[in-house]
Amino acid sequence: MTATELQKIDISGDGGVQKEILKEGTGDETAHIGRSVSLHYTGRLTDGTVFDSSVDRGEPFEFELGKGSVIKAFDLGVATMKLGEKCNLICAPNYAYGAAGSPPSIPPDSTLIFELEMLGWKGKDISPEQDGSIEYFVLEKSERRRLPKDGSSVKVHITGKYNDNVFEEREVQFVFGEGADVGILEGVEIAISKMVTGEVAKIKIKPAYAFGTKGCPERNIPPNATIEYTIKLIDCEKGLEDWKLSDNERLEQAKIYKEKGTTYFKKQDYPLAIKMYKKCVSFLENNSDNESNKLKVAAISNQVLCYQKTNEEHAGKQACNEVLGLEPRNIKILYRRGQCNLAINENHEALNDFQHVMELDPSNKAAQNQILICKRKIKEANDKEKKIYANMFSKLAANDKQQEPQDEPDVLAKCGEWTDEDTKREVDRAFERDNNIVMI
């Protein structure tokens, strides 16, 4: 079939941009505004003269669709192309370089013909770390503007796929921000937060925000799997507008979220409990009254317990520091920080924490026991380090002996040989110097 026999599709509606499909693409999806697209092109004048070609350069052309970084015809035409599609794009001057042209290659008022091949496109990166963990593709736009907010009720239809096999499809209603309670993955809830009511989107989720290193055997999803979801946000309630709340209203909302956190803690859903306790604290950021401060301390203290339950002692220690910033003499939190320090082998810091507890509460038997554990662990660490020094000096002594010239007299003969006791004594001295301590 010749080019003249190909069916022309009017893209612009006024005949200014027409498309001739040379090869059909796959699937039904096309790139949407804001996506980074990758394609090959060859640009020709109507007499067949090639003025530019990414194919000749051997490097695909990439640009952000719909942002005006290319000629109008490209933004219009590329938005209609499916994956793998090849086409000719016939562009009138007012959709290309206009009356000015682009000297010296493109004369004024030139109609241009581009042969395009769609190689692919990337979704919008909506991952918290901006590391590509969650890619977002709009499938159906919506003119509505309402976005989900924490605490509002949302209704969605979700379809999850792995390797084109559906592993989940359902319509579900839940309190936004608490999706984990009804089995909504973190990556899915993050995507829902970007959607407006009526919108349909596809997301690609990497393991960190999906099923992680464990996978989901009951759904035949292996460890470290990247999955896809298609989501339709059917409806969502109008969320709470935090900035309109008075201090008393913020306090009441904080109490609600603290209770939610405690509920999830009792259900042993510690990640969701932490999320609720943090939400509680966020409502109180600008409150400084005594009741608000006590509530902050209680919510953050409960975060510490959650972190200890999930073996996240570094995060637990940070939370302890937040509490101690508000209440420096909080015995329970000093004790818990000591536990966190002990778990991450910060033995000296742990010892200081437990000793501080004893200063405030001399009869605290639990702290007394922890002090003994700290001292034992410190001694074990010191003994291990001394052993390393001993091995090091033994090797140095052995090397010196091997390298000693055979024809030179033994200069140590008059003062005795270097014994094992000498080696041990030197180890102790080196250990004392390096650790700034005095051996007794």
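Each Cβ is built from the backbone N, Cα and C atoms, and glycine gets one as well.
Some features that TrEMBL has for this protein:
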| type | residues | note |
| --- | --- | --- |
| DOMAIN | 34-122 | domain 'PPIase FKBP-type' |
| DOMAIN | 151-237 | domain 'PPIase FKBP-type' |
| REPEAT | 254-287 | repeat 'TPR' |
| REPEAT | 331-364 | repeat 'TPR' |
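Residues 301, 304-305, 307-308, 311, 313-314, 316-317, 320-321, 323-324, 370-371, 373-375, 377-378, 381 of the same chain, all 6+ positions outside the repeat 'TPR' (331-364), place their C-beta atoms under 8 angstroms from a C-beta of that stretch. Across the domain 'PPIase FKBP-type' (151-237), the DSSP tally of helix, strand and coil residues reads 17 helix, 39 strand, 31 coil. The list of residues near the repeat 'TPR' (254-287) in space but at least 6 beyond its ends in sequence, with Cβ under 8 angstroms from a Cβ of it, reads 150, 177-178, 180-181, 242, 245, 247, 293, 295-296, 298-300, 302-303, 305-307, 309-310. Note on the repeat 'TPR' (254-287): DSSP counts are 27 helix, 0 strand, 7 coil.
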